[in-house]
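In TrEMBL this protein carries:
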DOMAIN    48-132  domain 'Polysaccharide export protein N-terminal'
DOMAIN    138-216  domain 'SLBB'
DOMAIN    222-347  domain 'SLBB'
DOMAIN    350-379  domain 'Outer-membrane lipoprotein Wza C-terminal'
Amino acid sequence: MSEQELAQTPINVVNVYPLSPSFVNRYSSFFNVEAHSRSNPALDSQVAAYEYVIGQGDILNITIWDHPELTIPAGSYRSAQEAGHWVHADGTIFYPYIGFVKVAGKTVTEVRKDISTRLARYIESPQVDVNIAAFRSQKAYVTGEIRQPGYQPLTNVPLTFLDAINQAGGLTPEADWRNVTLTRNGSAETLSLHDLMQNGDLTENRLLEQGDIIHVPRNDAQKVFVLGEVRDPQLLKIDRSGMTLTEALSGVGGINELAANATGVFVFRSAQRDKQHEEYLAEVREASLSAEEKQKLEQEKQELAAQGKAPRPEKIIANVYQLDISDAAALVTGTEFELEPYDVVYVTAAPIEQYNRVVRQLLPTISGLNDFSEFANRINNW
């Protein structure tokens, strides 16, 4: 490899961060930066301006005051739906005297005005009232891990994303409420019911439209792997309330006290999945450098700049977080450290001096493994 190619080749880096109370506190604040209650003025405006638009299949109930023969021509004992006017496939209804009236694509107010104007040729100052007896033309669909999947009719009352979920009975225990998909006109958007319902982030709410599809996936992807010197190594699913490092250790029966190194509890996290924390982690890395190391780095940068060369880029494959539970109080710190999907929790039996050996075994998993079975085979053969 030439010097130029070498200079352009990223340096593979694994960064290690001890989980101290102060670190976890700052780290968690970055994790929850978007988790605060927020209003949604755009949605409020849409709801305030909402007016139902009549469509094919709707049934209209039309009342002409002081003219019962026009209002209920076939008797007074039929329901509003039975006595109503069905909107035909061509978007029209038939009404006495005035014939066919185009109503599809119009609001109730517009239809009332149209009928009043046309009836005025036969009735002096007609008082017309129009309402919708049955909403049948527009629907939104709720599918997936919902207690009562199906369709939700759109009515004269605005239906929001959150309303549709609640009217469908809410989520099942297996629901992934952080990655709910809303598909509209062929375009999909991922929304977080967790942020909406748990944190009051109304920017995750939407006003539903005709044909919208809400899909709540299973939480199969919400999993972490707990391996190494623990009593029952296994895959754990993250439930809707999340999972902390201490909860994960508890879920596998704790560490193997006879074989485990209590100072070697590691969480391996793909750098790709940890981007939201990079700003803070960069601060931590810089702060951990000694004055001599900082001076050396700065000198190297200046030398490269003088030669017209850019610094060699770094390619951070994984961030590794280390918890020392030789002091039981550290488990309290572990309760504040939230795990994320596909984290690998590894409890090593090796002394810290052999840490590099652990990294060599687990790093291919972080950067390239796609299924857990291959991952398990690597660990078993190690």
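A Cβ is built for glycine as well, from the same backbone N, Cα and C atoms used for every other residue.
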Predicted model, mean pLDDT over the domain 'Polysaccharide export protein N-terminal' (48-132): 87
Helix, strand and coil counts within the domain 'SLBB' (138-216) (DSSP): 17 helix, 30 strand, 32 coil
